[in-house]
Amino acid sequence: MPVASVSSTFVLDNGACSLKAGYSSWSSPNVIPNSITKAKSEKRRIFIGNQIDECRDLSSLYFMLPFQKGYLTNWDYQKQIWDYMYGKQCLNVDTPSKNLVFTEPYFNFLSIQEGLSELFFEEYRFKNVFRTHPGDLTCYKNKMEHPEEPCCLVVDSGYSFTHIVPYVDGKRVRNATKRIDVGGKLLTNHLKEIISYRQLHVMDETYVMNACREDCCYVSLDFERDLTKAESRTESRDYVLPDFTNLRRGFMKSPEASNGRPEDSEQIIRMNNERFAVPEILFHPSDIGIQQMGIPETIAHVISECPEETQRWLYQNIVLTGGLAKMPGFRERILKDVRELAPNEFKVIVRLPEDPISYAWQGGAALADDPIFRELSVSKLDYQERGHQACVDKYYL
Amino acid sequence: MSGAGSKRAVRDVNRRVMDQATRQRRARKALESLEQDNFHDDPHADLVMSKKALSLFQDHPEEERKAKRKSRTTEYYKQRFRKNFPQLLEEDAVQNPNPPNYLSAQTLNSLQPARHFCAVCGFSSKYVCVVCGTRYCSRRCQETHEETRCLKWTA
Ligand SMILES: [Zn+2]
Ligand SMILES: [Zn+2]
């Protein structure tokens, strides 16, 4: 009964910035902000998750986030958001009759894992729960699309950080997995900081400036060249800030219209070298004083830590996932830099899924239909008998 | 030399060079601030009601669930698991001391040479502020730097 089994599993890719949530039978997930928001214009209420769509004035939003540095620390926020998401107002999930596929961060802390077990089995009372990482689901999905590839290297670049995760025969190589402490949050905060110093005070406008980053920023293929070129402002663009009366989201003006002069009541900021210097931090964290390798250097290092006979296969199946993978030029730059670092005789192939944000979720949805799902998951009965130890024994986290 | 130049000369007399420890502290603070969720205060902080409403909000989202059994309050979960990030790290050092773990997963220091950019305009920089070590690219950016961020650090 494929239909019945399909609708019985709920897949939740639980990111620090957004929840990718939906039944495994769906073709794509709902993407719901994983935050509670307060607006200065609406003092009588708070906005949970995607309720923020109901808020008219999105200026100076105040965010209450469940995650700190990529790990779940504010449980009261997370529980309110989950309660809302499973509830009638949002997706209306009858959790006690469902299975759950859930992602958590790599190297998650023990007390967080225990807390999750308690919530899933005692509070939401799911039937069977499989817990994994976004990279594992990405690898699973990649294997469906490229069954001939024995290995896969996942570059998971999200809100809190970036992980480079190698898989050999579908199994994560835990001790070669590496983290770069640069993600979307840091990029947006850095953009806010430099724009506030150079042009206009936008420190309180995280929401607006995050959109600005998404709309304007790209990854340079040749940073030194582009930086020199930018001195003549050829890639400079005017970004029109939203006023929340006529304009709900800002936009970037065309090259011809980007003359630095706002029209009528517009408020603009000029995005010049910021457009590519901000994403460049992913490739050179040392540009802002983080003494870490960037993505290409870390990829080469991670592969060098894997068994020698797997290295050629890892180089030829690099998969990009997470929100930052959508940045223009991201794939091309990684390919160019890794090509330079990889041994000449190896092929380098870098794959960018059509939707890198929902790709891990897609993997989870497919896995839910795989007969192996039952074997991988912990049932409520297991948990009632053995507690969190049942989870420790079952999951490869 | 123009007026601005002589003004700077006067100011330089009052200026002491920032020591290495202070420079490092300032750099660390700048990085830490990039982790912040909000830079302004809670816009509802002055509302007594909203705080209460928040903790009670959505405790019992579904009537039938409430009827079947007592749902735990969000306050319970807040107290039961609340640990901040430094506490989690400390705990992990005891419970999970052998790599791989969070600490060991951090990537290595880059082997590539550091690049230097003007703190004011973002373009390549050749010069360093003698007072605080900040980079700048030109006379114009140097003046901006001295009149804004550098001043905060002089006596
Ligand atoms: Zn400059
Ligand atoms: Zn200075």
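Cβ atoms here come from the backbone N, Cα and C positions, even for glycine.
As given in TrEMBL:
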REGION    B:1-43  region 'Disordered'
COMPBIAS  B:9-18  compositional bias 'Basic and acidic residues'
COMPBIAS  B:29-43  compositional bias 'Basic and acidic residues'
DOMAIN    B:118-150  domain 'HIT-type'
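For the domain 'HIT-type' (B:118-150), DSSP puts the residue distribution at 9 helix, 5 strand, 19 coil. When the compositional bias 'Basic and acidic residues' (B:29-43) is classified with DSSP, helix, strand and coil residues number 5 helix, 0 strand, 10 coil. When pLDDT values are averaged over the domain 'HIT-type' (B:118-150), the model yields 94.
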